[in-house]
Amino acid sequence: MERGDTPVTAGRRARPVVLVALTGAVLAALCLASLALGARAIPLDQVVQALTGHVPGPGGQAAENVVWSVRVPRTVLGVAAGVALGLSGALMQALTRNPLADPGVLGVTAGASFAIVLSITVLGVGSLFGYIWFGFAGALAASVFVYMLGRLGRSGLTPVKLALAGVAVTALLSSLTGAIVLTDPEPLNRYRYWSAGSLASQDAGVVWRILPFLAAGTVLAMACAPALNSLSLGEDVATALGRRLGLVRLQGVTAVMLLTGGAVAVIGPIVFIGLVVPHVARVLATRAGIGPDHRWLLPLAALISPCLLLAADITGRLVARPSEIQAGVLMAFIGGPFFIAMVRRRKLAEV
Amino acid sequence: MPDPRTDGAAVTAARGLAPRPFRVAVPPVSGVLRPRLLLVCAALVAVTFVVFCWNVAVGDYPITLTGVMKALAGVGDPGTLLVVRELRLPRALVGLLAGVAFGVSGAVFQTVTRNPLASPDMIGLTQGAGTAVVASIVLGWDGGLGPQTLALLGTLLTAVLVYTLAWRGGTTGYRVILVGIGVSWICTSVTDFLVARGGKFQAQAALGWLVGNLNGRDIDEAVPLALALVVLLPVTLALTRHLRTLQLGDDVATGLGVAVQPARLALLLAAVGLVAFGVAAAGPVAFVALAAPQIAQRLAGTAMPPPVTAGVTGALVVLGADLATRTIVPGAEVPVGIVTGVLGAPVLLWLLIRANRAGSGG
């Protein structure tokens, strides 16, 4: 909502900036930790030297290699995918006005997964860059389908109907995915690593090439923010305020498609992060006295989400050394109880 | 006369076709007799019997349908008798009994929660079983329990977890479903992790189990399931008299003198027991518990899934799907759960669309 004529004091304007800066600082610290920690810990000064020039002394070359060829792509991927999943979660919750919305719960992730598996097995697409297009198409088809399913009926779009539609579509798609994967043993190996959701084992080239798509999705998402503020007052009010809801939804769904499709293609289906992050962002914004203003909520979600994903990834690397636990598994452990806690609240408030 | 229990178009359509139910009172017994329900049930039993025999007949050593029936009656040459009794009968029995268990259990779940989408595979019970079994396959240690007992324990533990988490001074159908969805996500991600962690062959074995399978099922699987059904089915059916009251809503049911929470808990426990033993024997055969009660309800033209008919439908679905995998792609040994999954998923979507249209989807 526009503030309009209300005089805005310097103090009030500074608050959101401070909050965003603080979250950004946490993210930066986590990025450094992600570069330094792992099966082989590298001292922070060596990490900085590797990033800026080269590491002196014996073993310097090895440390440089680890940082540049393994940890940098992994960290960049964590940040990019985290931003994408957090933003699409926040966007979906605002668009559907549903506190349980999440690309995983609403079947978008399953749509992308199914399309990708289909492209691997049926069309023989071998490279990640080949099947990312299928990821987009699957994410788009699933999100539109689930949304239509949830809207059917007298009462319109309710949180429970939308969640059920998402679970139903997920069940359908995952049984089809299972049918394909089980009858063709070769893709099974690739599929089972990918389906657990991990930041590991992606080569650097792939990571850089996915970035433009995620960036485009991010820009589109941010551009939705003022309209989302109007929408949070209700569809009628938003229309009365001059928002063209069809256009806003189209823009939102395109952003969700780009963000979720791209993220799922590279790191696999990670559920719940898009569910948790917007709630955390709202709580933080309320505490800081900003209120539910999507022009600040979206950037906050975009910063908190990679923090969570990187933290899960680093934890997964450290607890099971020298092997690791996929970030997707840890996210489900954080997100599942969160989802249940949300459901247990007396009233499922609309966003 | 509009009936408060009916929900939407299917029932309205069915009412035109169905012979009207009538009340029979021959003291000391009285009850409502539904001619169409009885007719449908009898027809389903007959079809299921034929499919069952056909199931036994198909294989490397083909036997005619009449040969199978004779062998079942104990007549025939020793070779056929051996093949039927030792090799094929146990497998078909597992399919039959698991189908009954899934169907009855699904009917109870759907009626108690008053939602056609509430089935054991939607609320995480079968996923819990899957996590337990896959853990034992991948970690290579089952504590001497074997996959059957593990699946049983996994299902029961998950059920307790979902019910406890959904409890807040009572439970409502929707909270059970949504909490179940959360729990099922957690179980699925643990399973995914274990599958990714395991070796290639372990992964294949685990995924093969996860999809629900009758291949290589034996008398060892059939006997515990049969015993469980002997105990649980009468209990469940005795409790179903509360179902009709519970479906009127908690307030009405309380007003009619039903202790709502204990009745619901007892029914859910019986239904969970049924599905647990079914999964233990045949694996989590997808969508049977969801689709069978709905098919039965539509065939019988009742307002809610009829438990016995749903059980027979479940058996027919599992046996039919198993037959389809073996006759359409001979030798490929496609797990039965793939067929039920691929056929059941559209049923699920259609249900969702119908539930939403009628305004009862949420």
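From the backbone N, Cα and C atoms, a Cβ is placed for every residue, glycine too.
Unlike curated entries, TrEMBL annotations are predicted automatically.
Looking at A:36-56, A:162-182, A:225-245, the range annotated in TrEMBL as transmembrane segment turns out to be A:162-182. The range from A:16-35, A:296-315 that TrEMBL describes as transmembrane segment is residues A:296-315. Here the transmembrane segment (A:296-315) does not touch the transmembrane segment (A:131-150). Their Cβ atoms form fewer than 3 pairs under 8 Å, with each pair 6 or more residues apart. Same-chain neighbours of the transmembrane segment (A:327-344): 78, 99-100, 102, 105, 196-199, 267-273, 275-276, 279, 308-309, 312-313, 315-316, counting only residues six or more beyond its ends whose CB sits under 8 Å from a CB of the stretch.
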